[in-house]
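S.K.: Here it is: the structure, laid out below.
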Amino acid sequence: MLKTAFHRSQTLGYRNGYAIVRRPTVGIGGDRLQFNQLSQAKLDELASKAPVLTYGQPKQAPPADFIPAHVAFDKKVLKFDAYFQEDVPMSTEEQYRIRQVNIYYYLEDDSMSVIEPVVENSGIPQGKLIKRQRLAKNDRGDHYHWKDLNRGINITIYGKTFRVVDCDQFTQVFLESQGIELNPPEKMALDPYTELRKQPLRKYVTPSDFDQLKQFLTFDKQVLRFYAIWDDTDSMYGECRTYIIHYYLMDDTVEIREVHERNDGRDPFPLLMNRQRMPKVLVENAKNFPQCVLEISDQEVLEWYTAKDFIVGKSLTILGRTFFIYDCDPFTRRYYKEKFGITDLPCIDVNKQEPPPVKQELPPYNGFGLVEDSAQNCFALIPKAPKKDVIKMLVNDNKVLRYLAALESPIPEDKDRRFVFSYFLATDMISIFEPPVRNSGIIGGKYLGRTKVVKPYSTVDNPIYYGPSDFFIGAVIEVFGHRFIILDTDEYVLKYMESNAAQYSPEALASVQKHVRKLEAPASESESKQTEKDPGVQKLEALIDTVQKQLKDHSCKDNIREAFQIYDKEASGYVDRDMFFKICESLNVPVDDSLVKERQGLAMLPKLVSNS
């Protein structure tokens, strides 16, 4: 049979508006195809390649839309139930407090907040404990994530440890969907004081088996009076205070009264403790009894304070204070003698004697500066200079005693050394100057600056300084380990010693007078011989006489003396030649330069001028 139709069968159709693919059942011309004629691999290849050959390469599907976290997790919050324990240090009824809180975790920005439900009349500030923020979980700066939260764990936030016990249904579903295995829930801890408040109050009935009426009629208006002290000086700002303890025999009650003195600076409250029975030994189970609310009965007390517990000379503790009884009144003494047979109740003196004032002792001298200067650091925080004798300084201003001394030393080079001691009467200070000697190998000049010199063998706490009476011919002066022997002095020292003979011993004054007289006699003879033999000496004497006459006749004689003393900084009595002419030139003192040039050795000229 010849074929007249060669069309292909349709493999694409529509159902409910959707295009679906149908497997061909007949071939070209309507021939019936065998079932599963093509293998599965070829069918897959045909399905994958046919559209590519027909329609070209397919386009890549567009990426899914990005949804930010604040949109995806908007208003999605994880809620956990937790509690923390808070210490109560200032209460006798509770030692700690359990506070229940809700921990909220906001998924949109990983922030957390802690809120405590408000309880009416709780007396505790409640509400938002920790405001919404990201909370750090360690010192490295990491923050808490929802992966760190679970039931039955402890988390620490700002030093407080919260115990997570449970969470809500949404939180449980969310964490399980993220693959987190939740711990089993725990029971919420309850506050012991709150549970105690929920219990009904107990009613106490105090049985009475004692005839209180007979005691009242027998001991009415009979009161034992004791004088006691409370010594609290061991504590900070504590003091010793006096009290009067009254013991009422009619009902065995105790009252404590304060003793106020005039201008004691305390409020005039006469009663320290109101009249009441005082328990001595409590029952073991009655230690937490609410004493501030309910009265203590015999059921809570094993032993009460009685009259035999109040004995003079013994201490007893009442409401946490230890009172020492030191005396009582005559009625109390008679009662104890008749009732208990105690006859020797003493009267104890509790007045504390003030300790003797502590003697101020100066620390050891450290060797820096004078002892008086160092001692000022111990008297005030900001030390002041020691007080000076102003009258002495004004009277003895510019008064200097000069002595010539030799150094006592085993070294041969020190035997020919000479020193000029200057004793300043205004300040009792000593300075030492060594005149320079040419080609001696020793540099002269200032040997010791102005300072006070301590005598040997004097103590450091009570130093004794050298005075004018210690300087005379032949005296040995020890200056900081160096021994000097006084050899010579000038006429000014002799005049001062004669005018103040009471300060010096007769031997010291006689030694100086004898030495000066010996020097004057040979000097006059030698001068007469030298003037006859040496014409240069005659010229020197003529020059000295001329200068002295000019200075004596000069109108500003006092100014000349002061000028020489100012330029003589070492207080040696010498100035050099150039300085001498400079001073004379500044004061308009005429000096014959021709005589000066004829004599080169004019070392004594400034001394004569300054002494004149």
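Just so it is clear, glycine is given a Cβ too, placed from its N, Cα and C backbone atoms.
The domain 'DM10' annotation in TrEMBL covers 74-179, 220-340, 397-501. The domain 'EF-hand' feature in TrEMBL is assigned to 555-590.
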S.K.: What are the helix, strand and coil residue counts for the domain 'DM10' (220-340) according to DSSP?
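M.R.: Its residues divide into 16 helix, 50 strand, 55 coil.
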S.K.: Where does the mean pLDDT land for the domain 'DM10' (74-179)?
M.R.: 93
S.K.: Would you mind splitting the domain 'DM10' (74-179) into helix, strand and coil residue counts from DSSP?
M.R.: 12 helix, 50 strand, 44 coil
S.K.: Counting by DSSP, what is the helix, strand and coil composition of the domain 'DM10' (397-501)?
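M.R.: Helix, strand, coil within the domain 'DM10' (397-501): 16 helix, 43 strand, 46 coil.
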